[in-house]
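> First the structure, then my questions, so here it is.
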Amino acid sequence: MVSIRPDEISSIIRQQIEQYEQSIKVDNVGTVLQVGDGIARVYGLDKVMASELVEFEDGTVGIALNLEEDNVGVVLMGDGLSIEEGSTVRATGKIASIPVGEAAIGRVVDALMRPIDGKGEIHTTQSRLIESPAPGIVQRKSVCEPLQTGITAIDAMIPIGRGQRELIIGDRQTGKTAVAIDTILNQKGQDVICVYVAIGQKASSVAQVVNVLRERGALDYTIVIAANASDPAALQYLAPYTGATVAEYFMYQGKHTLVVYDDLSKQAQAYRQMSLLLRRPPGREAYPGDVFYLHSRLLERAAKLNDALGGGSMTALPVVETQAGDVSAYIPTNVISITDGQIFLSSDLFNAGLRPAINAGISVSRVGSAAQIKAMKQVAGKLKLELAQFDELQAFAQFASDLDKATQNQLARGQRLREILKQPQYSPIPVEYQVATIYAGTNGYLDDIPVEAVAKFVAGLRDYLRTNKPEYGEIIRTTQKLDEKAEALLKEAIAEYKATFTA
């Protein structure tokens, strides 16, 4: 018979007791009552927070948006095809956050910063909440530095400053995205990090934009965030906030950033879809009551920070699409009232061949000349006045048959000024050469050049200045003023080039 040794048994029991660890994991779980149209109704989840992330059995993630007495309304960030009635849902205890860092530059990602360009994972160590409060009044500084778009009409008449929010508004196919992309291309070498957010667009359109940025070397300082038309409404709703969060990370490091939201009409439509499916009461144009707050909390995050916080900035260019030029619709009026100005693109001007089709009469920048270099201020004031007078005279000239010489001269100059504001797509012009062309136009140097030859003349003049008078560009780049020496060089160049052009 085997002898039982009590000391051995007691040591084994003691060892077992010492190694025993009791860990209780408590999960806040619920049950799916119904699911469909990107919305799930969940029973349970008693301790869930507003906007908390929840996880379904199949791994689909959702956001708890409606916290009601007897159930929770969750919007799905996936197709949710394998979610069934009765399946369990787990609250994660986290609010939506995304990874941020330098590694994201040059990549194409979705609204949750997951790469969609096939170049592998993005390795970052930091993360930020998608929804974070905007900088307060004390943390801000007034907008004082220009953000050059490279588009003469904008930089001269509707200047944009670093930290400003400037709306780009117009009908479909009027060149809104082209203005935004040109602005991104013009930031090359300016130490500005750009974020392009595509909301509800065709995947082919986004691919085209990415190709343009890659071919022109702009992807080296740009992050593209895409929530395509085929993506769930929740991702289209989140994408702009993701863009703001990425830009905010760089802004708080003292860097300058530019964010393009293309376009906020689609985000509002995605939010409307979610709200109606969650049975929230509809308001004007069936949008929910908080659609103003949807955009204001996004655009208020754009700022120019004070020097104590590093002096970084985030400039926002939201895009809004109008229907038949109606800027008094709900979303356009909301965004106009939130932003610091708007660039209005007109389909009539676009069809008449004036591209970019900027309607200078309705467009405005509420920051104004604080966002211009001194050289541009010196020449732009006269341009605005002459174009305004030209628009009035043109309307009057349609009815009058015999016009006096002064009026004819003014109309002729106005036509030439219109020509110098025309610009091909994807070819931004440096500010020093914009100053030169406006100076030539407003001081009558183009009055004897045929209207159809003006575009060729100003393009040639820019090349002539670049090769024969490099000192002119150097003076404006360093002093930012059109001083006597620069003006003398410019006059010389115009006279010399004109002689060869008309010969």
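Keep in mind that glycine also has a Cβ here, set from the backbone N, Cα and C atoms.
Heads up, here are the entries from Swiss-Prot:
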type	residues	note
BINDING	Gly170, Asp171, Arg172, Gln173, Thr174, Gly175, Lys176, Thr177	ATP binding site
SITE	Ser363	site 'Required for activity'
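I'd like these features described in context: how deep, what's nearby, how far apart.
Shown in sequence order, Glu321 are the residues of the chain, 6+ apart in sequence, with a C-beta less than 8 angstroms from the C-beta of Arg172 (ATP binding site).
Long-range Cβ neighbours of Ser363 (site 'Required for activity') (same chain, at least 6 residues apart, Cβ-Cβ under 8 Å): Met157, Ile158, Gly341, Gln342, Ile343, Phe344.
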> List nothing but the one residue from Gly170, Gly175 whose Cβ has the fewest other Cβ atoms within 10 Å; the candidates are the binding-site residues.
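Each of the binding-site residues Gly170, Gly175 was scored; lowest Cβ tally within 10 Å is Gly175.
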> For the recorded ATP site, enumerate neighbouring residues of the same chain (Cβ within 8 Å of the Cβ centroid of Gly170, Asp171, Arg172, Gln173, Thr174, Gly175, Lys176, Thr177, site residues themselves excluded), in sequence order.
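Sorted by sequence, the hits are Glu321, Leu345, Ser347, Phe350.
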> Per 10 Å Cβ neighbour count, which of the binding-site residues Gln173, Thr174, Thr177 ranks highest?
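Compared across Gln173, Thr174, Thr177, the most Cβ atoms within 10 Å surround Thr174.
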> If you count Cβ atoms within 10 Å of each one, which of the binding-site residues Asp171, Lys176 comes out on top?
Lys176
